[in-house]
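Here is what Swiss-Prot records for this protein:
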type    : residues : note
BINDING : 128-183  : ATP binding site
BINDING : 253, 267 : Mg(2+) 1 binding site
BINDING : 267, 269 : Mg(2+) 2 binding site
DOMAIN  : 102-300  : domain 'ATP-grasp'
């Protein structure tokens with residue numbers, strides 16, 4: 001296996017480009033240390049031609065956001081018959097669409113928060129649901145575009161319908177669940193430990209800065225929860241992973257309100273970050289796996305027709 005040529009796909013042209021470059025560089029470094037022949041590929045418009053010239057044995061997908069985790073790069077890799085890591089075309093497309101992913105997860109017995117999909121221009125000056133609630137782009141990651149509307153706000157934020165909104169017009173309006181931020185990864189069909197995320201006090205919630213700035217958040221893994229809640233998070237993570245058809249690794253995010261006992265699944269990430277501040281490496285460490293172990297497993301798991 002170590003004589004394989006691996007193309008690490010990174011960068012791209014989504015809002016998460018910088019994160020992808022960090023994830024990709026870290027994964028490429030580890031693969032080179034493990035003895036693989038590695039090509040670092042900053043994905044652009046001509047990626048199909050680039051891959052045809054490189055002829056890699058495996059494509060390691062370290063892309064994040066639209067194009068990288070919504071089924072499009074996966075479709076190109078299927079067409080070129082290049083085995084690749086992470087989820088396939090269908091699961092990637094479904095998981096990227098928060099609305100459709102929630103429907104599938106709920107049908108699999110996963111608890112979700114009440115929500116509705118709307119065009120941002122239709123929100124206007126009337127609350128689309130009783131505050132507090134969250135407005136977020138349907139197909140973005142890393143908390144880009146997330147707005148929390150508090151109980152004391154008389155009208156929805158004006159920027160949702162403004163020209164400064166930098167995302168697609170379709171948004172999800174979802175009931176805000178207060179409480180603890182939890183996440184859980186699935187590796188193949190093995191569910192790993194539950195991790196609690198504690199954003200630094202300077203951040204209102206687990207936003208982009210708290211995710212990627214050094215010291216922006218504290219990861220407690222395994223999370224200190226009752227056995228019932230802990231196992232519920234694991235069960236729902238695996239159920240969502242399987243129902244959506246994910247392959248390789250995924251990570252599901254949750255909110256847990258201790259006052260009411262309400263535990264809800266928020267979304268699933270089919271391309272979890274692999275930066276120095278990312279959650280997956282810490283979750284893997286709690287299960288006795290090193291960063292290199294996870295990357296090695298992904299390479300060995302790579303295939304087409306995922």
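Cβ atoms are placed via backbone N, Cα and C, with glycine included.
Where Swiss-Prot records a feature, it is marked here on the structure.
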| residue | record | Cβ neighbours (10 Å) |
| --- | --- | --- |
| 128 | ATP binding site | 17 |
| 135 | ATP binding site | 21 |
| 149 | ATP binding site | 22 |
| 156 | ATP binding site | 21 |
| 170 | ATP binding site | 15 |
| 177 | ATP binding site | 20 |
| 253 | Mg(2+) 1 binding site | 18 |
| 267 | Mg(2+) 1 binding site | 20 |
| 269 | Mg(2+) 2 binding site | 22 |
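When the Cα of residue 128 (ATP binding site) is compared against those of the binding-site residues 253, 267, 269, the shortest separation belongs to 267.
The shortest Cα-Cα distance from residue 269 (Mg(2+) 2 binding site) to any of the binding-site residues (156, 177, 253) is found for 253. Residues belonging to the domain 'ATP-grasp' (102-300) score a mean pLDDT of 89 in the model. Residue 128 (ATP binding site) carries neither a helix nor a strand DSSP state and counts as coil.
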